[in-house]
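All remarks here apply to the structure that follows.
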């Protein structure tokens, strides 16, 4: 084993910075997917600019998640590569160096860049989402061309297996989920029949043709 080179402090510092970025992406993903749309809409209506930024991001969750995953994977791969180089400099080009680097980075990413930020974000998703929204907006813009290509590839691949991930299918799925929730609350006695029928009727309005409404 060679002596520790002071010049290794720079790549070690870069690795720690990349772990912080990874934690940022992980926490952002959890917060922006868990945040309440209703609460953000209310805050935005009251003039909260941070809530407006959050609404802009969660309006297209597929694009948002694509940008987050792309950024997170990039920084994790780069951090692991740098860690491997550092351990090779210390232990020499052996399998031991690679094994130690892999084990060390796996543990550090799991604890400091995954579990910790996700736990913090899920505890206060609204505050966390509004905190990271300004930076995430630029991340989404930066990765937009790549995420768009990835979206097209993923959708094409899923269609081969008969899976439709279009926005229309997502809307229909959300409506079916809402209908199911209404029926569940009605069966539990928390929603009376009149209110249930009224809400279901409102959901079905967009499925009626104009001539059907005129009859």
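Backbone N, Cα and C define each Cβ position, glycine as well.
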* What range among 64-84, 148-168 does TrEMBL record as transmembrane segment? -> 64-84
* **Per TrEMBL, the range holding transmembrane segment, considering 90-113, 186-209** => 90-113
* Between the stretches 12-35, 64-84, 90-113, which wins on the count of C-beta pairs under 8 angstroms to the transmembrane segment (125-144)? -> 12-35
